[in-house]
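What Swiss-Prot lists as 3-amino-2-oxopropyl phosphate binding site is N7, R18, G192, G213, H214, and the listing cites sequence analysis. Here Swiss-Prot flags D9, H10, R45, H50, T100 as 1-deoxy-D-xylulose 5-phosphate binding site. Taken from Swiss-Prot, the feature active site, proton acceptor applies to H43, E70. According to Swiss-Prot, the site 'Transition state stabilizer' annotation covers E151. According to Swiss-Prot, the active site, proton donor annotation covers H191, on the basis of sequence analysis.
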Amino acid sequence: MILLGVNIDHVATLRQARGTRYPSPVEAALVAESSGADLITLHLREDRRHIQDADVKAMRPVLKTRMNLEMAMTPEMLAHALQVAPEDVCLVPEKREEVTTEGGLDVRGHYADVKHYTGKLTEAGIRVSIFIDPDREQIQKAFDAGARVIELHTGAYADAPHASEREAELARIREAAEFGASLGMVVNAGHGLNYHNVKPIAAIPQIAELNIGHAIVAHALFVGFPQAVREMKALMESARAR
């Protein structure tokens, strides 16, 4: 069984584009859950470009599955996470000038911070994952820092312009997933996954969960949000069933 985390950031992006009260990320989360999502992922960025504090607070008590809150390692975000108390927090790198998260967190370069934030969140009963590139050293450092969950960054795979490069990136992800699992870690993956490239990733047996947002929200424009979620879940499950 493989789980689908629906990222609802870009529902909020559409709302923020006009400064309206709609579409509601909370409503989108509930629709995603009723359509087969196993958890809801959202990124409260420091610049608040899409998800807002009020979205997180309103969503927390009404979700029937799990909340996976993505956040940068800052005192402000730690305070928010401790107050909201989601089931999961995923520590991610963040740059104000980026369009979307550009790569995995450099655990080796920020080891002390990763260990500190992982410890504080774990003490509060929140499961911590680290968004990292599919690299053995980064995975080992995440484990050493106390994380027992990782999310492998699949962006290089998704953006590979040629089949040979895509296969090479897929091999890296497979190896990373195997290594993480050998340490006893829960291995998730995400970033840039869509209806055309998700199946090879979903077929990796060590991967427990995929977090996907932009592709689902975009496809929903044509087929509706419930159907977009159902189609993605079906693709993932068919890949795993082989």
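Quick reminder: no glycine exception, Cβ is built from N, Cα and C everywhere.
Taking the features listed in Swiss-Prot, we show where each one sits on the structure.
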residue : record                                      : Cβ within 10 Å
D9      : 1-deoxy-D-xylulose 5-phosphate binding site : 21
H10     : 1-deoxy-D-xylulose 5-phosphate binding site : 20
R18     : 3-amino-2-oxopropyl phosphate binding site  : 8
H43     : active site, proton acceptor                : 22
H50     : 1-deoxy-D-xylulose 5-phosphate binding site : 21
E151    : site 'Transition state stabilizer'          : 30
H191    : active site, proton donor                   : 26
G192    : 3-amino-2-oxopropyl phosphate binding site  : 19
G213    : 3-amino-2-oxopropyl phosphate binding site  : 24
H214    : 3-amino-2-oxopropyl phosphate binding site  : 16
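The secondary structure of H214 (3-amino-2-oxopropyl phosphate binding site), as reduced to three states from DSSP, is helical. For the 3-amino-2-oxopropyl phosphate site listed in the record, the two most distant Cα atoms among N7, R18, G192, G213, H214 lie 25 Å apart. Cα distances from H43 (active site, proton acceptor) to the recorded positions D9, H10, E70, G213 are smallest for E70. Considering only the recorded positions H10, R45, E70, E151, the residue whose Cα is spatially closest to the Cα of R18 (3-amino-2-oxopropyl phosphate binding site) is H10. Look at R18 (3-amino-2-oxopropyl phosphate binding site): DSSP puts it in a helix. When the alpha carbons of R45 (1-deoxy-D-xylulose 5-phosphate binding site) and E70 (active site, proton acceptor) are compared, the span between them is 8 angstrom. Long-range neighbours of N7 (3-amino-2-oxopropyl phosphate binding site) (same chain, six or more residues apart, CB within less than 8 Å of its CB): I40, T41, L42, H43, G190, N211, I212, G213, H214, I216. Cβ neighbour counts within 10 Å, taken over all protein chains shown, single out E70 as the most crowded of the recorded positions R45, E70. Calculated from their C-alpha atoms, the gap between H50 (1-deoxy-D-xylulose 5-phosphate binding site) and the residue listed as 'active site, proton donor' amounts to 17 Å.
Across the fold, the C-alpha of H10 (1-deoxy-D-xylulose 5-phosphate binding site) and the C-alpha of G192 (3-amino-2-oxopropyl phosphate binding site) stand 13 Å from each other. For the pair formed by E151 (site 'Transition state stabilizer') and D9 (1-deoxy-D-xylulose 5-phosphate binding site), distance between Cα atoms is given as 17 Å, rounded to the nearest Å.
Note: the Cα of E70 (active site, proton acceptor) and the Cα of G192 (3-amino-2-oxopropyl phosphate binding site) are spaced 16 Å from each other.
Taking CA atoms as the reference points, the residue listed as 'active site, proton donor' and D9 (1-deoxy-D-xylulose 5-phosphate binding site) are 13 Å apart. Here the CA atom of D9 (1-deoxy-D-xylulose 5-phosphate binding site) lies 14 Å from the CA atom of G192 (3-amino-2-oxopropyl phosphate binding site).
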